Structure formats: structure tokens, C-alpha cells
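**Q** The region 'Disordered' feature in TrEMBL is assigned to 1-27. According to TrEMBL, the transmembrane segment annotation covers 50-72, 78-97, 118-141, 161-182, 280-301, 321-342, 396-419, 425-448, 460-493, 513-536, 575-592, 612-634.
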Amino acid sequence: MGKNEREENRFDPENHNQEEEEKKKQLKEEELSVERIFENHEVPSWRKQLTVRAFVVSFVLSILFSIIVMKLNLTTGIIPSLNVSAGLLGFFFVKTWTKLLHKSGLLRQPFTRQENTVIQTCVVASSGIAFSGGFGSYLFAMSERIAKQSTDTLDFKKLSLGWIIGFLFTASFLGLFSVVPLRKIMIIDFRLTYPSGTATAHLINSFHTPQGAKLAKKQVRELGKFFTFSFLWGFFQWFYTAGDNCGFASFPSLGLKAFDNRFYFDFSATYVGVGMICPYIVNISVLLGGIISWGLMWPLIEDRKGDWYSADLSSGSFSGIQGYRVFIAIAMILGDGLYNFIKVLSRTLLGLFHQLRYKDVSSELPVADHSSGVSSQSQLSYDDKQRTQLFLKDQIPIMFAVGGYVAIAAISMATLPHIFHQLKWYYILVIYIFAPALAFCNAYGCGLTDWSLASTYGKLAIFIIGAWAGAAHGGVLAGLAACGVMMNIVSTASDLMQDFKTGYLTLASPRSMFVSQIIGTAMGCVISPCVFWLFYKAFNNLGQPGSQYPAPNAVVFRNMVLLGVKGFSSLPKNCLLLCYVSFGAAILINLIKDLAGKKWGRFIPLPMAMAIPFYIGSYFAIDMCLGSLILFVWEKINKAKADALGPAVASGLICGDGIWTLPASILALAGVKPPICMKFLSRGNNAKVDKFLGS
């Protein structure tokens, strides 16, 4: 046998092994492929994905989720991701609808995952206005009710449903047009993950497989069970709240001293559910922040009453203890926000540099109508080929996006100064010049980290426009209004890109996603103000410290703009020093957390979460930690079941308690009061009892 023949024979087994490996790899890819499961299902055109039933269901769910987000906004401002709940409930409602039509022989179009994605997009866009509309932050901060709690009681705007709706319609759509031309570079070229959008897409895809449909039925059953329990629990509690400080929410479960320092379990199903959804570190951070502030700092500062601040001041005065609570919280929030802003911005710029340099993309960013920068089709998996092909099929013309942005910007510049006389047209022009770049940064950063910095960009606008306008020219209202414009732009931009990612992974057309987002935003511009108005009229103590709905962020935003306009002269003694310490501590904690790496960094608390109870107390932190404990024990007993059903149980608790708020508000407006005031012994009542027994 010749040398060449021996060498050929020697290499044959290796070639054979390589072929076997390639076959195994191909088989494994086919097993893992999502789109092969759906390859026999026709993908409907973008127009057929936008069905009447989808938007009817979206409207109903938008009301539900707007009430929930509004309640969370006005209590603590902590809002968990509700994408999973929106996708699950959308699937349940339409699946029930189509099943009934199928039995009656009237079903014309089956329910597809693309239609499910349209519903989820519309609902999240609509309920998102309840957050970006500022009902618990900048918009409510303009009101006389919040102004009376600050050092400046003159600069306020009388709230009216008409101008609120007009403002939202003017400010909420611009962000949608600002990043549309760059959707291809975000989703396909840079392949950004958008974790929430990806998770929602996987959930929707799983619903429409036989195994996933069975799991979805179990999830809906659990959600319905805990929804009913939560709703009835809210109804039961209502009977005992005929007066102030009545009911289970005022029960000193951890003792009277702890209750005085706002440490107690308030029996809120909503925040138990929120605790089950939020990561453990968020809940622990909130509790730790409450212990540091209400357990240590505030009692120590109150001991210096008469030295650091006048002993004659009320507990709600911003020249006294309330000033320390609010401004130290603001300092920690700003420190955390600044650190993360710089971190995300630097990651964004480094990521862009890396993408543009190493992928040989031209210095001009590729936009949706261009074909540059698409990965070679031979390098893509079957799923990626299908998704890329359909994602690039239905284009949204660049001129439509640019023209829409310019037209809406022109309308806003003409309209907003009539709503807010203090907000001059040139302030708005400056915001709109820089807004697309900031919207892109926020959308890109959100794709990397799943963290939207909308409120941080809003605070940036507060300080810049507030200081520019000055106190003499209505800087307070100008700064708050500018915050609203900026927050709406950057928030809707990142939300839209999340939805494009979800659509990409479920083969939903970008056009249907864009139209659904516009319709959802329009719904939110009407639904959210109406829901807020219901709260505002039903609860006379809305926004008051210690009330059921204290709206802590409204007070924080109001005092932020006052700092920007008037400076630090109004702060009580040593407050500025403590603010510097808190600001630096927030940056240092974040730096240590990042340097420690994932292994140890996950045990280091989050300064932003720690700052929340500084002003309102730790009662909700007890609820959230109880939710975490329930989930932790459940995972130890049966992790698979906890992972599958935990989000559904949490959503049921949040939704049931949230929906009870609607009939409770209607009853309050109608003048119907609960029959019983169940009060627990306070320190004052204890003294009276001791005196009575002693006599």
C-alpha cells in the first residue's frame, strides 16, 4: 500500500467523526429550533395581525394594568415588569374568545402568536403612560396639594383632566418616531438582547405550542385563584376603614415603637405579589434602607431637635425632620442615577465603537431601509434566517419616521407653551434637538442591561431647564414640564425597541408592532388620566404623608426642581453635608458592586432601592420581603413548579388588589363609607388606658 493511500486511510475515521458531529449538531439545532415547530403555520400579513378582537382585549387589559400601575405609582413608585401578566392574560382572553367562536362555527381567523404579541405590545404601551405620564412624579408635583408640602407654595398649576390629556397626546408620540429608523442596527446588526422583550417572546412562543398551552392553562388557573382571593381580601379590609388610621393596614404587627417608625406589616396583597416578582436583592435593599433611615438616622436626627432645627416645627415641615428625609433620599437617588447613567452611557459608546470597528460597518449608522451590516445568511441559524427575513420584509420608510418626528415636534412647540406658559418654545426646541440622541442611548442601554433610565434623563431636564428659566420666570413648572417631555420621549423609545425585539422573535411584523404601539399609546393618553382623576377625586388625602397614597416621588421631584432653581439655601442645618455623604455612598456602593463581580456583587444592596423607604417608611418592605420568603420556600420545596407558577400567583395578587381599587374609588366618590372603624391601641390610647386602670 502506497504512502498516500495509508495517509488517506489514516484520516478517514477523523473525517467520519467530523461528519457525525455535524449531523448531531444539525439535529440538535433542529430540536432546539423554535421556528421549525411553527414552520407549517402561515405567518399572517401585518394587517391581519391587527385584529379588532386584539384591540378590544387590549383596551380591557389596559384599564386593568393602568389601575395597577397607578396604584403602585401613588404608593411607593416601585413598578415591576408586567409584560408576563399582559402576555398571559391576552392569551387567556383571546383563546377563550376563539374557542367559543369555534364551537359556534363563527371562527374566521385562528389566534396566532403574532396577534398575541400585538396585544402585549398595546397593553404595555398603554399602561406605560401611567408611569411616564408622571401621575406619581413630575405631573402631580405641579399640583397645589404637593406644593403646600414644599418650601415654595406659590408655583403650582391647577390640575384639570383636559390639559393633562392634551399634554400627553402632545408629548407621548415623539419617542416612537425617534428610533424607528435604527431598529435594524439594534435588533439585527448589534443583536442586542433586550432581556424583558426576549423573555416575553419566549413566553408567547411557548403558549402557542401544545405543551405550552397546557402550562398556560395551569398558570391562568392559579392567576384566577389568587386574583379572586386578593380582590375579596381587599373588599374584606374595606369594611373596617371608616375613619383615619383604621383597619388592618394600621395594625402595629411589630409593636408600637416599630409602628411609630413605620415598621409594620400592612396586609397588602399587592406588595406581597410585587415581592414575588422583584429580585431578592431589591427587596432586601428596600428593607435595609428602611432600617438605616427609620431605625437609625431619623431617631438620631430627631434627638438634635432644637439644635439642628427648631423644636416648634411640625413633623411635616421641610425646614425640620421632613427636609432631612426627602433631601437625603434625593441625594442617594441622584448618586445612583448619575453612576448608572455614566456606566450605561460608557457601555453604549464602547459597544457602538466595537460594533462599528469590528463588524466593518461604515461610520454612518445603517438604518432600516439599508441592507448593509446584515450577517451572512450562511452564518445564521434556521430561526435567525426566518426572523431576519420577515423582520426586514415590512419596512417603515425613513421619511415617514423623520417627517412624523418633525411634524409632532412642530405641533408640540406650538401647543405646549399654551399649556405651560413658563415652558418657552426655545426650551422645547433644545430638548427636541438632543432627544433623539438620548432616546437612542436609552434604547441601546436598555438592550444591554434591561435598565431604562427614563427618570434619570427626566431629572437631567429638571435641573437644566429649571436653572435656565430661574425662579423669577417660573422655573419650577418649566423644569417639571420639561422633565415630562424628556421622560415621555426616552421611555417610549426604549419600550418600542423592546417590542421590536419581541416581534422579531415571534415573527410579528415591525409595522404591526409600530401601529400597536401607537394605538396603545393613544389609549394610555386617555385611560391613564381618567384613572388618575378617579384617584384624585375619590381620595382627598392623596399625596399627603402617612395617607394610603402618599405619592412619594411627587414630593421628591418637586424638591429636586426647587434645588435646581433656588439652590441649597433652604436646607436645614447639616442637611447638605449628609446629602453629600449619601450621594458619595450611593456611587461607592455601586462601584464596589461592579468591582466585586457577579459572584459577590449580587449580595451588595442597590442604593436606588435603599432610598425609597427614606421618605415613606418600611411598611411595604415587610410585605415585599414576605413575598420573597414565600417564593424562596416554594423554590426549595418544588423549584420547577415555583418557576412555572410563581409569576402567575404574583400577578393574581397584584391584579386582584389593584382592581379592588376601582370599586373602592367609585364608592368613595358616591359618598358610601365603610361601616366599621377598627382601631388598634396607639401610644396615646395606651396612656389613657393606663391612667384609667391606675385610677
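Placement of Cβ uses the backbone N, Cα and C atoms for every residue, glycine included.
TrEMBL annotations: computationally assigned, not manually curated.
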**Q** Would the transmembrane segment (575-592) count as touching the transmembrane segment (321-342), if touching means at least three Cβ pairs under 8 Å and pairs must be 6 or more apart in sequence?
**A** yes
**Q** Mark yes when the transmembrane segment (612-634) and the transmembrane segment (321-342) have three or more Cβ pairs under 8 Å (sequence separation 6 or more) and no when they do not.
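**A** These two segments touch.
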**Q** Using Cβ atoms only, state whether the transmembrane segment (118-141) and the transmembrane segment (513-536) have three or more pairs under 8 Å that are 6 or more apart in sequence.
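**A** Touching, yes - the transmembrane segment (118-141) and the transmembrane segment (513-536) meet the threshold of 3 or more Cβ pairs under 8 Å.
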**Q** Looking only at residues six or more beyond either end of the transmembrane segment (460-493), which have a C-beta under 8 A from one in the stretch?
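**A** Distant Cβ neighbours of the transmembrane segment (460-493) are 125, 128, 131-134, 137-139, 141-142, 152, 155-157, 167-168, 171-176, 178-179, 341, 412, 416, 419-424, 427-428, 431, 435, 438-440, 442-443, 452-454, 517, 521, 557-558, 560-566.
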**Q** Restricting to the same chain and to residues at least six past its boundaries, which positions have a Cβ under 8 Å from a Cβ of the transmembrane segment (425-448)?
**A** 174-175, 178-179, 182, 186, 190, 192-194, 344-345, 347-348, 351-352, 405, 409, 412-414, 416-417, 454, 457, 461, 465, 468-469, 478, 482, 485-486, 489-491, 493-494, 496-498, 501
**Q** May I ask for the residues of the chain that lie six or more residues beyond the transmembrane segment (513-536) and have a Cβ under 8 Å from a Cβ within it?
**A** 46, 50, 54-55, 58-59, 62-63, 66-67, 70, 74, 117-118, 121-130, 133, 135, 159, 161, 164-165, 168-169, 172-173, 176, 180, 396, 492, 495-496, 499-500, 502-503, 542, 549, 661-662, 665-666, 669
**Q** Take the transmembrane segment (50-72) and find every residue of the same chain, 6 or more past its ends, with a Cβ under 8 Å from one of its Cβ atoms.
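**A** For the transmembrane segment (50-72), the far contacts come to 78-79, 82, 85-86, 89-90, 93-94, 97, 109, 115, 118-119, 122-124, 126-131, 135-136, 270, 274, 512, 515-516, 519-520, 523-524, 527-528, 531-532, 535, 549, 654-655, 657-659, 661-662.
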**Q** Can you say which of 280-301, 396-419, 612-634 has the most Cβ pairs under 8 Å with the transmembrane segment (161-182)?
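**A** Result: 396-419.
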